[in-house]
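Enquirer: One structure, as structure tokens, below. Some questions next.
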Amino acid sequence: MSDRKNVFLFYKKNDELEEKIQEIRKIGRKYDYRLVDHPDDANIIASFGGDGTFLQAIRKSGFREDALYVGVNDGRLGFYTDFNTNDPEKIEMALQSDQTEILKYPTLEVDVDGMQSFQCLNELSIRSQIIKTFAIDVYIDGLYFETFRGDGMVVSTPTGSTAYNRSLNGAIVDPKLNGMQLTEIASINNNQYRTLGAPLILNHDRELVLKIVQDGNDHPIIGADNEALSIRHSHEIKVKVSNKKIKTLRMKDNLFLHKVRRSFL
Ligand code: NAD
């Protein structure tokens, strides 16, 4: 952390937050941190807001592998935000002590029709955009696995497993396990259509291919974390665990299991 001094602040401007950020800026200046106007010039990118703002900070800055991302929440504790605008003392402590550590979070690498590729930190989601089911042929490492028909499918990272995936009854995955999880959104299971009907956790070296069956309803929405892509018509979506990771700063006393217990138990 000490060799990184150029900081970009990512947040939606509002008067109340601006006031709190002024306080944090003062602390930064005290320890020789410099604010930069563009994320490309930063080696620390700090987001102020919820988990959604943290996800946007990473996406808008291009999933920089050479930058350190820091999530500062605005009062409500999140999964990616270890610091709090209401607790500037803790931020100051983090800047000068050994109470923090750098974590590397796995991401997904997604390719759509060989034309567009992008990363996800939480999940890739594919959903019907009309009140009609659509079908996906699922292939794993080139092997035909199943044909899904329903509302959609989600492929999540371990850190994303506590987000959308959890609402779909997916398993919560320890981020120390490197892999991806496929969950269904309201699959139809009857004599005509049959899917696994359970979350499927795949090792990091697998390749998942989701082929949208071209049967009329073949314009699903593709979501990368909390952003819908502007792809209107897709055929084949390849998903792999990326070898690019995101570096984040977290307090040593705020482990994944603390967050799971605090949020869900
Ligand atoms: P947000 O900050 O408002 O997030 C919404 C909620 O999701 C918050 O409570 C946040 O803390 C939580 N969240 C986000 N990432 C999390 C994670 N990795 N683990 C545990 N909780 C997490 O911002 P947003 O833009 O609405 O959030 C985006 C995320 O919302 C998506 O990446 C997706 O995972 C999730 N989502 C969930 C559902 C659902 O559960 N039905 C539907 C769509 C999207």
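Even glycines carry a Cβ here, placed using N, Cα and C.
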Enquirer: Which of these, Ala94, Ala186, Ala198, does TrEMBL list as part of the NAD(+) site with Asp51, Gly52, Asn122, Glu123, Arg149, Asp151, Thr162, Ala163, Tyr164, Asn165, Arg166, Ser167?
Expert: Ala186
Enquirer: Which recorded positions, if any, among Asp51, Asn122, Arg149, Thr162, Tyr164 have a Cβ under 6 Å from ligand 1, given in order along the chain?
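Expert: Asp51, Asn122, Thr162, Tyr164, by Cβ distance under 6 Å.
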Enquirer: Consider each pair of residues in Asp51, Gly52, Asn122, Glu123, Arg149, Asp151, Thr162, Ala163, Tyr164, Asn165, Arg166, Ser167, Ala186, all listed by the record as binding NAD(+), and report the largest Cα separation in Å as a whole number.
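Expert: Greatest Cα-Cα span of the listed binding residues: 31 Å.
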Enquirer: Can you grab the distance from Asn122 (NAD(+) binding site) over to Asp51 (active site, proton acceptor)? Cα atoms, rounded to a whole Å.
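Expert: Per the Cα atoms, Asn122 (NAD(+) binding site) and Asp51 (active site, proton acceptor) stand 10 Å apart.
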